[in-house]
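*Asks:* Sharing a structure, written as structure tokens. Questions coming.
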Amino acid sequence: MRPLPDHSLAPELLRVWRISSLGSTLFLCIFPLGYFGASLLWDLPLWIMYILIGGVVLLGLFDIIFMQRWKWKRWKYAVYEDEVELLRGVIIRERVIIPMIRVQHVDTRQGPLLRHYGLASVTISTAATIHEIPGLKEADADELRDSIARLAREADPDE
Amino acid sequence: MNNWQRQHPAAILVSFFQGLRQLIVSFVVIFIFGSTSGGMRLLYTAGIMLVILTGSLIVSAVSWYRFEFRLIEEELQVKQGLFVRKKRYIRRNRVQSIHINAPVPQRFFGLVEVSIETAGGGDEPEFTLSALPVEKAEQIRGELLYGSEKEEIFAGEISSGMDQALSEPVEEKPRRTWELGFRRLLLAAVTSSGVGIAATFAAALLSQLPQFLPDWLLGIALGWIVQSSLVYIGLFIVTVLLLAWIFTILSTVIKYGQFQVTEQNGELFISKGLIEKKQLTIQQHRINAVRIVQNVLRQPLGYCAVYIESAGGGTKDEDFSTILLPMCKKSQVPELLETMAPDFAFTPEFHPLPRTAVRRYMIKPLIPITAGAAAASYFLPFGWLIWILLVPAALLGYLQYKSAGLALSDRHVFLRWRTLSLEEAFLPRPRIQSVAFTQNPLQRNAGLFSLHMSVLTTVTGKTFSLKHTGDDQKEDVMSWYSYQNGSPNASDIDRAHAETVE
């Protein structure tokens, strides 16, 4: 059996994920709001609105408190000399192997939220696929990007 | 060809005709929907059409005037654009494949269309010169495929006709040709799997028919249908299927008529098409994967179609692959691939999936049928009949399990699976860009995995998947694919990190 990847993402990333999850929960509020708007125009039972509100709140809390933590816990990566390995997913688990010689380029990216927490994501592109390590400390991300780039350059392209 | 030059003026007409073709579609749409929604002012419509036509003719003319190209050493340079000038330089080593087509409008002028596929590079993978004389097209192809060192060979051959378009520049090795022939073309047409798509189209068309029938005829027809509905519904279905079948036969014959593949010096020349002649040149070492497809009608007859996946080439209607052999005996495939794509000439022995996978394969097609049947038997009078579909669905699931298989050789992985058609994919290890293993909760209980292998094809990648493989098979694939010798350890990683810090 091959060992599983063991490097975790930056702990601050969990907070970033929770904030963006809060954002999408707020977006879900358009359903109860829309229903409320409709109930002003037509005669509709209000209890459905309370169910919708309850549903959104429960879903949001579950997502923010548990799902994001599980997702963070599950996300592991490892960079070996000849390949990069990723492991992720709460419900559907995925394990990806990307050989260094197939790597075409590596980028680091930083949105405003990630920048605020001093994080960056690393994107690894092959000719056919794009993979992302979503959040590392800026310095780690830069270092990882450079080391993947260097290893990819060194890898023997003939094999 | 060293000076900037324009295309043949017929390019104006060609692009005008292309625009016209789209306009016809919208005109028909306007006509159909407009006429049903009450008196459309005919004059008004005609006026709009006239303005659009004149406008598109002017645009075509100006863009022809602004489009200039020149061929210099191993490079094609193009300037184009109405307001924004775009320059595009295509270097020989970036070219993946070159098509020379002769669509109908171009044929009137004895011209051809040249499409150049370059690897990757954003949203415009294909570049087209729409109207060129054959010899210029040949010259561009020669320059971009072989470079200037072999150019002189073309000088002698610049003669007429599309027959010459296939002429090879170097006569070192013998050329080997495979032709589809009439018998196989007919068989391919009759067993084509496009029937389903055509049937939906025909059904949609036929269901629109009542709008065009006069009321009295419609009344009689409706009377009949109400009287003996089942017979007429049956008749309707049969008509639709028959029409669809004839349509697919015709379109297959037109698409693959005079199909021919020629191999020479590591290059494949594929030419096909009865009305619109299409030619494609592809280099053997650019083939990233080979796919063998046997649809339900062809499998019992022992026939199959062979597709190649490459970074260039590939059309929408072939699922972004290039068809190499539209119809041939399955048993002859290794022998044919030996010439056409020697890196893929294998007869793999597939290992079946573990027995625990049967359940996963069989349950999946049953779920939508069960849901549909439950709903149907509640809402429709004879809805319970849908439950009968459970039997073929379960059978399909079992067949999918039986068909699925995996094989590994030193350099290749072979996958076999069935959705409805039986498919095999041959993938060389160096062409697989990344491998992923996924596991959903149900698979987790059964200790099964799904494999996904991504390969570069036109524009974007394509992922080949095999569902529900066993744990040992997953480990085999992982160690086969992994470039890491032995088990990696943490100190290696730390060292790699440490080195970069220095």
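One-based numbering along the chain as shown.
Any Cβ shown, glycine's included, is placed from N, Cα and C.
According to TrEMBL, the transmembrane segment annotation covers A:21-41, A:47-66. What TrEMBL records for A:72-148 is domain 'YdbS-like PH'.
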*Asks:* Can you name the far-off residues of the same chain, 6+ from the ends of the transmembrane segment (A:47-66), with a Cβ under 8 Å from a Cβ of it?
*Replies:* 18, 21-22, 24-25, 28-29, 31-32, 35-36, 39
*Asks:* For the domain 'YdbS-like PH' (A:72-148), would you mind checking the mean pLDDT of the predicted model?
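*Replies:* The average pLDDT of the model in the domain 'YdbS-like PH' (A:72-148) works out to 90.
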*Asks:* DSSP on the domain 'YdbS-like PH' (A:72-148): how many residues come out helix, how many strand, how many coil?
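*Replies:* Residue counts in helix, strand and coil order: 22 helix, 40 strand, 15 coil.
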